[in-house]
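Peer 1: Starting off with a structure, shown below.
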Amino acid sequence: MKLIILDRDGVINEDSDAFIKTVDEWIPIPGSIEAMARLYQAGYTLAIATNQSGIARGYYDVTTLNAMHAKLHDLLAQHGGKVTYIAYCPHLSSDHCTCRKPKPGMLLTIAEHFGIVPHQATVVGDSLRDWQAAAAVGAAYAQVRTGKGLHTLADGKLPADIPVFNNLAAYADSLLGTIPT
Ligand SMILES: O=P(O)(O)OC[C@@H](O)[C@H]1O[C@@H](OP(=O)(O)O)[C@@H](O)[C@@H](O)[C@@H]1O
Ligand SMILES: [Mg+2]
Ligand SMILES: [Zn+2]
């Protein structure tokens, strides 16, 4: 199985330091929906592992989160794409859960769901904690410059050999060997 586990905010959709609190604030990064559709049509299975501490903070609830993901599913369906599994962590760091990135709990849950070992997956993220979660289970990792990506890269804590892409579309182009349009 070719499994790609995507971070959500800053990779698929625009991120905000004020959190993405409503369906209207959930806005796809240009090219990301199309990139996910191309990956799906090329035989990749797509999943999402996303921290959503905004739930614990009371900024939005699970019903709103599900409405954001319904919007994502609809957009993907319109483009012939699909995301098969969405894992989210609703907790705060102080909750000491096992699912909040940088812990790999969501990656382990996703891998178990698909019956694979986690190191067979590739994680795509914009934040250091996305890489840390991937590294914890030996999964491959690709960094994007969107969302908090440039800030993450400027921090200089990512290993120098991590592949970096301008956005999810560029990652898909690289993986699929397509020439950017
Ligand atoms: O990038 P993913 O994991 O999909 O989601 C990140 C979001 O849950 C939010 O995560 C928060 O981090 P804290 O939860 O406050 O540490 C902040 O970085 C927000 O800007 C961001 O929107
Ligand atoms: Mg992110
Ligand atoms: Zn959690």
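Glycine too: its Cβ is placed from the backbone N, Cα and C atoms.
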Peer 1: Suppose a student reads TrEMBL and sees D7, D9 listed for Mg(2+). Which of D61, D74, D95, D126 should they find annotated at that same site?
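Peer 2: Only hit among D61, D74, D95, D126 in TrEMBL's Mg(2+) site, alongside D7, D9: D126.
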Peer 1: Cβ under 6 Å from ligand 3: which of the recorded positions D7, C89, K101 qualify?
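Peer 2: Correct list: C89.
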Peer 1: Which site among H91, R100 has the most other CB atoms no more than 10 Å from its CB, taking these as recorded positions?
Peer 2: R100
Peer 1: Running a distance check here. Ligand 1 versus the recorded positions D7, D9, C89: which have CB less than 6 Å from one of its atoms?
Peer 2: D7, D9
